[in-house]
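Inspection log for the structure reproduced underneath, given as structure tokens.
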Amino acid sequence: MDEANHSVVSEFVFLGLSDSRKIQLLLFLFFSVFYVSSLMGNLLIVLTVTSDPRLQSPMYFLLANLSIINLVFCSSTAPKMIYDLFRKHKTISFGGCVVQIFFIHAVGGTEMVLLIAMAFDRYVAICKPLHYLTIMNPQRCILFLVISWIIGIIHSVIQLAFVVDLLFCGPNELDSFFCDLPRFIKLACIETYTLGFMVTANSGFISLASFLILIISYIFILVTVQKKSSGGIFKAFSMLSAHVIVVVLVFGPLIFFYIFPFPTSHLDKFLAIFDAVITPVLNPVIYTFRNKEMMVAMRRRCSQFVNYSKIF
């Protein structure tokens, strides 16, 4: 009888970020600039690494794949978010929501594991430089990449297993600009406290475990270098600085989200914007800004593109 009195929800409504037209315009400009910058920056890294024979090394192979992950991650939320800014009814189908959740968690999990692989690459380069190319051979690099994607996809499938069979009978409003899984689950017609806890625990585990492994790895590298040479620690820290900054950018919002005792809608939205729009732009900037070899290669690639354009 109860089921007959409820209609099954087939689409969800995003409440968005603001109803003010002026703020919407500012957000449109802000998100558009950052999204286009993210696309151009990460694509430039991928094209530069794949086309320049001087950059055919394990470090740049992993960096190019991180850029691909950034492209997929920001494209899973940013285009719809920009498209919805001026729409009165910001809707998404149940299937669209499931697809968005899958990509967000699959790519996010893959990125975390790939950062661990990049930390291992730095460990070998700094602590075992003579054996670097032997240890970080092409087969091992591909293995790292495959394992990263497998773990990311498994993590995402586990998350989806909690929600694909849920019944949604109303309300259907999400106080967000994308399919935020914890908020999505709360709209189900059943008691969702336990389910929400399991989903949060799954994401929290992979995030915290990856973060701890990375921090321990960086500390181990610095301690190892310190034992060999007191002066070498500054060079090691210089080589690791970009990686540490990226780790803070990736994991900072996640850790703050999980440990902050009084989460709010505004805080969650800010962290989501930072993670989805700003971080994918900063990653290529941070990794290339202090890398002279990469900067020279990117300038060379841009010059070739400009010269090619002039011909036509």
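Glycine residues also receive a Cβ, built from the backbone N, Cα and C atoms like all the rest.
Note that the structure is a prediction, hence the values are computed from the model and not measured.
For reference, Swiss-Prot has these:
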DISULFID  Cys97-Cys189  disulfide bond
CARBOHYD  Asn5  N-linked glycosylation site
TOPO_DOM  1-25  topological domain 'Extracellular'
TOPO_DOM  50-57  topological domain 'Cytoplasmic'
TOPO_DOM  80-100  topological domain 'Extracellular'
TOPO_DOM  121-139  topological domain 'Cytoplasmic'
TOPO_DOM  159-195  topological domain 'Extracellular'
TOPO_DOM  220-235  topological domain 'Cytoplasmic'
TOPO_DOM  259-269  topological domain 'Extracellular'
TOPO_DOM  290-312  topological domain 'Cytoplasmic'
TRANSMEM  26-49  transmembrane segment
TRANSMEM  58-79  transmembrane segment
TRANSMEM  101-120  transmembrane segment
TRANSMEM  140-158  transmembrane segment
TRANSMEM  196-219  transmembrane segment
TRANSMEM  236-258  transmembrane segment
TRANSMEM  270-289  transmembrane segment
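Only residues 6 or more beyond the boundaries of the transmembrane segment (236-258), in the same chain, are considered here, and those with a CB under 8 A from a CB of the stretch are 111-112, 115, 118-119, 122, 125-126, 200, 203-204, 207-208, 210-211, 214-215, 218, 221-222, 225, 268, 271-272, 274-275, 279, 282-283, 286-287, 289-291. DSSP places the residues of the topological domain 'Extracellular' (80-100) in helix, strand and coil in these numbers: 12 helix, 3 strand, 6 coil. Sequence-distant contacts of the transmembrane segment (270-289), counting only residues of its own chain at least 6 positions beyond either end whose CB sits under 8 Å from a CB of the stretch, comprise 31, 34-35, 37-38, 41-42, 44-45, 63, 66-67, 70-71, 73-74, 77-78, 81, 176-178, 180, 242, 245-246, 249-250, 253-254, 256-257, 295, 298.
Comparing 58-79, 101-120, 140-158, 196-219 for CB pairs under 8 angstroms to the transmembrane segment (26-49), the maximum falls on 58-79.
Between the transmembrane segment (196-219) and the transmembrane segment (101-120), three or more CB pairs separated by 6 or more residues in sequence fall under 8 Å, so the two stretches touch. Outside the topological domain 'Extracellular' (159-195) by six or more residues, the chain places 6-9, 11-17, 77, 80-81, 84, 90, 92, 94, 96-98, 100-102, 104-105, 202-203, 265, 268-269, 272, 276 with a CB less than 8 A from a CB of the stretch.
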